[in-house]
Amino acid sequence: MVRMTAVCTAKTVSPVPSTRKEFKGAIAELRKKLNAVILAHYYQDPEIQDIADFIGDSLELSRRAASTNADVIVFCGVHFMAETAKILSPEKIVLLPDLEAGCSLADDCPADEFAAFRDKHPDHIVVSYINCTAAVKAQSDLICTSSNAVALVSQLPKDRPILFAPDQNLGRWVQKQSGRELTIWPGRCMVHETFSEEALLKLKMMHPEAKVIAHPECLERLLELADYVGSTSKLLEYTETNPGTKFIVLTEPGILHQMKQRMPNKEFMDVPGIDGCSCNECPYMRLNTLEKLWRCLSTMKPSIEIEEGVRQKALIPIQRMLNMKEKQEASQH
């Protein structure tokens with residue numbers, strides 16, 4: 001069982017800053033005083049990204065969490081990411097500015113239901129996308145991210161069947177790219193499933209020269225319309241190296257902040273959700289704010305706590321992922 005508790009180690013709370021500038025200054029002071037590191041996912045609000053020490057996707061941030069010398073890790077993302085940081089660095093204090101920052105995909109795969117599903121396939125290698133709870137990770141043989149899933153699955157023994165969870169769209173894409181047959185858990189991301197195909201086709205008609213880039217959590221019919229499919233970090237890299245100057249981006253629009261910062265002379269367009277709604281923004285990612293970031297550093301809460309037995313079991317497949325990735329990178333040099 002995973003416990004997410006609010007642990008208070010500070011006796012007093014400083015006066016609440018009144019402006020964004022004051023919040024940023026107070027956060028910088030607390031970060032230095034506490035020897036804290038602020039990790040932010042690409043889907044965070046721009047003002048959170050701008051104050052972070054490191055910005056990245058799930059794989060990059062898990063590596064940072066494993067290697068940091070900081071005493072306190074503040075994870076500006078969602079709770080499965082903060083859990084991963086705690087799994088990798090149990091001796092450190094891991095803070096999440098808002099405990100309500102969950103994940104529809106992780107919620108789509110309850111640990112007890114996953115255990116029953118896994119028991120029906122006892123001979124399968126269990127590969128779980130990092131977007132799942134610590135309790136599901138603890139039941140897995142290997143963890144992957146969207147940036148390394150195809151490479152890792154391709155390395156698995158050919159004579160062993162594979163169970164993949166929890167994202168069905170990513171699973172189908174990995175199956176297609178790797179050529180491996182997967183038994184796939186039927187989970188989905190509420191954001192990546194809402195992109196409007198009609199809106200995408202209209203944008204393509206209006207900007208025929210634009211490259212369409214998509215995250216593999218999108219629906220298959222949208223991926224088929226893309227010029228490039230990859231994780232958030234891979235999408236960012238593609239826009240930097242591709243000579244094109246216009247890009248239609250099928251993922252959470254928080255990534256556009258980094259794209260525009262790095263390539264101010266290029267144009268980036270996000271795709272609206274079905275019926276033109278603004279649901280292409282992840283409501284959970286956007287729960288973290290400057291005030292909540294300041295408050296969690298001021299009070300040292302909410303903090304993430306994981307039952308040690310669960311943590312140790314969850315660490316094994318995460319470490320296996322990191323080791324396989326290191327071996328793969330070493331073989332390429």
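Positions of Cβ are set from backbone N, Cα and C atoms, glycine also.
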> Which one of Ser18, Ser146, Ser196 goes with His41, Ser58, Tyr129, Ile130, Asn131, His215, Pro216, Glu217, Thr232 at the iminosuccinate site, as Swiss-Prot has it?
Replying inline: Ser146
>> The record lists His41, Ser58, Tyr129, Ile130, Asn131, Ser146, His215, Pro216, Glu217, Thr232 as binding iminosuccinate. What's the largest Cα to Cα distance among them, in Å, rounded to a whole number?
In response: 17
> Taking just the CA atoms, what is the gap between Cys189 ([4Fe-4S] cluster binding site) and Asn131 (iminosuccinate binding site) in Å?
Replying inline: 10
> Once near-sequence residues are set aside, which residues in the chain of Glu217 (iminosuccinate binding site), 6 or more away, have Cβ atoms under 8 Å from its Cβ?
Replying inline: Leu105, Ser146, Asp167, Asn169, Leu170, Arg188, Cys189, His192, Glu193, Thr251
> Whole-number Å distance between the CA of Cys282 ([4Fe-4S] cluster binding site) and the CA of Asn131 (iminosuccinate binding site)?
Replying inline: 14
>> Give me the count of other Cβ atoms within 10 A of the Cβ belonging to Asn131 (iminosuccinate binding site).
In response: 27
> Can you list, in sequence order, the residues of the same chain other than Cys103, Cys189, Cys282 whose CB lies within 8 Å of the CB centroid of the [4Fe-4S] cluster site?
Replying inline: Val78, Ser104, Leu105, Asn131, Met190, Val191, His192, Glu252, Tyr284, Met285
